[in-house]
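Here the structure comes first, spelled out in structure tokens, and everything after it is commentary.
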């Protein structure tokens, strides 16, 4: 227990600067106590330096400790995990080596993970400054001390933030457990400049009779053995050594105490801006330097600890050119505002070595670039994600779940952000207007795409468009092939095809292949094909594995990509979102619309060298050239029949599988092809879209119209369909189907067989007539 010599207000006297700062923050009209608005770093200092006082009693002392601890840890705002992290962080910083603790200055440390990442980044540096000496002359380390004493041959004047304050200096010495710190010797005061500390006159008394003695008494009277904080003794002794030199009159009313080294909370900067003549060091509060009187007779000079701040330099001579050997200056540097991060210390990724100034950016980089950190795996396609919420959104692409519905039109979306963008289309006025043509857009991205069209000069300036008019779909055209795109990003992806073809034709050396491999780092191990993005490689791998993770719930058909499933589902729903702005014809796919737009006078840069026919796309030209060469690369695995196009093969395979995906809504009749379904629907609606301009007669099919036009042809006029001649007998036919039926007579082929008796026929109609005999049905 402490003796009665310990004053009752020792706690308030020792940290009077801190309390005065808090009293300044609270206005005189505020009825609340200053302690009720303590910042965490202030409450932390009061909590650590609290001393038991006889007049308060044990219950009041315990209550005071609880109050200070509550202001420091803030259990109403922080969770148990956060409070534990604050305690662990404080202890972790106290056990760090001095040279590592010095490198952490200026960093807003919030948890132990940030400290670990910063220390790992320091160890990875090829070369860094040597360790700084933080040990006092007794050999005790004080890594968390806010006060260090340094003895040099001369003292210097350092500008401070408070005008004309007086402080006595104290000679540093090693204090034993029973020694009492020496009293400061009175010296002649010298006039000091504004903003500097000067030595006090001998008439002033210190704040307390001896903080060092108080701490020693606490240590001697403690019945609990060693302190749980090994650094408390050295730190508190140094703090008491400086506080002992301060008098209550020396504490300015508007003094701002340095922020706590742990960086808890943020300090409001003072209204008065402090001007410092020295260059700033770290953003942490630079430790207080006390220049001891090394020139005084009879006092041996002893080396002491250096300053923590790397930017703090030893002070030089005064303004008059003479060394201030007869006075001592206490240098107090205040951290201004929130600590600024040190640009030399950054968060480094342990996998690739990329550095980031913030921890949040490092975590986002690890989730995006390193799949090992993506612990949430999709069981359908094998794609991994860093968060469960992203996996939940991704699963909706497989299940086609669309929980967000528009209350105006009923359109459904997978994500709420997509619904928010869609709701902008229902608003009365557009939010973004084009400054050149006045056209309005609901989304900023649409306006940016529209402005790119103006910049490219691909089309003339458009007039302001009313809301009822549909916006044109194509904004950007490819200068190589004339293909149109709605987005500039799609055009950029398309231009890579031309660039790849050009590189392949121009250079075949190893250098060009090396450059192409650099642009396409993701290579397929089966076929060697390279891709620019990893997701493209994942989608390509399904071609080799045969995996089709996206299935249609209506017909059960599966696809390798989700975009293919979305396009396929429009077959069942009948949705055709892409309409031609000129003729109004609608299409299921955007590519079909782009192909259709070429029929309205679009550019056709690709020409056939044999017949001169022109095409708008290279794939259309390649498909047409197979009609000249007779090439049929697509073959049926069942019957071996060849086809020039994969679409024709898919249509043919439905004959073997019996699949008829297209059903009539009126009678339920099913068809293999959508064209047959469209032709059948005309029998219900009575539509006859093909009309003869000569007699006005209309037909359901275009073939019927062409056959009818042959009846109007004059003897010298060329018929709509030239006559078909048989190469065997020379017989001619007006229709190609009749010629094919006639050729069966010469070949003797009978492709239609009866499954019951095995009899074969040359025509399908003959087989149908024969089947009625088995069913005992007659036509007449």
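Any Cβ shown, glycine's included, is placed from N, Cα and C.
The region 'Disordered' annotation in Swiss-Prot covers 1-38 (among others).
Residues or ranges marked as compositional bias 'Basic and acidic residues' in Swiss-Prot: 29-38 (among others).
Look at Swiss-Prot and you will find 56-126 tagged as domain 'SCAN box'.
The region 'Disordered' annotation in Swiss-Prot covers 153-237 (among others).
Here Swiss-Prot flags 162 (among others) as phosphoserine, drawing on a large-scale study or a structure entry.
Per Swiss-Prot, compositional bias 'Polar residues' is recorded for 202-224.
Annotation comment: Swiss-Prot describes 208 (among others) as phosphoserine.
Marked as region 'Disordered' by Swiss-Prot: 255-324 (among others).
Per Swiss-Prot, the feature phosphothreonine maps to 268.
Among the features that Swiss-Prot reports, compositional bias 'Basic and acidic residues' is placed at 268-280 (among others).
For the zinc finger (347-370), the list of distant contacts is 113-114, 117-118, 120-121, 124, 341, 386-387: same-chain residues at least six beyond its ends, Cβ to Cβ under 8 Å. Residues or ranges marked as zinc finger in Swiss-Prot: 347-370 (among others).
Here the zinc finger (376-398) returns a mean pLDDT of 81 for the predicted model. Here Swiss-Prot flags 376-398 (among others) as zinc finger, drawing on sequence analysis.
Taken from Swiss-Prot, the feature zinc finger covers 404-426 (among others), and the record attributes it to sequence analysis.
Secondary structure by DSSP for the zinc finger (432-454): 11 helix, 4 strand, 8 coil. The zinc finger annotation in Swiss-Prot covers 432-454 (among others) and is backed by sequence analysis.
The zinc finger annotation in Swiss-Prot covers 476-498 (among others). Within the chain, the zinc finger (476-498) has long-range Cβ neighbours (under 8 A, six or more residues past its boundaries) at 449, 452-453, 456, 458, 532, 590, 594, 597-598, 602-606, 616-618.
Annotation source Swiss-Prot lists N5-methylglutamine at 483. A 10 Å cutoff on Cβ-Cβ distances gives residue 483 (N5-methylglutamine) a total of 24 other Cβ atoms nearby, all chains included.
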Could you name the stretch, out of 404-426, 432-454, 634-656, 662-684, 752-774, with the greatest number of CB pairs under 8 A to the zinc finger (376-398)?
404-426
Helix-strand-coil residue split for the zinc finger (376-398), DSSP-based
11 helix, 4 strand, 8 coil
Based on DSSP, tally up the residues of the zinc finger (476-498) by helix, strand and coil.
11 helix, 4 strand, 8 coil
Cβ contacts under 8 Å made by the zinc finger (634-656) with residues that lie 6+ beyond its boundaries
623, 626-627, 672-673
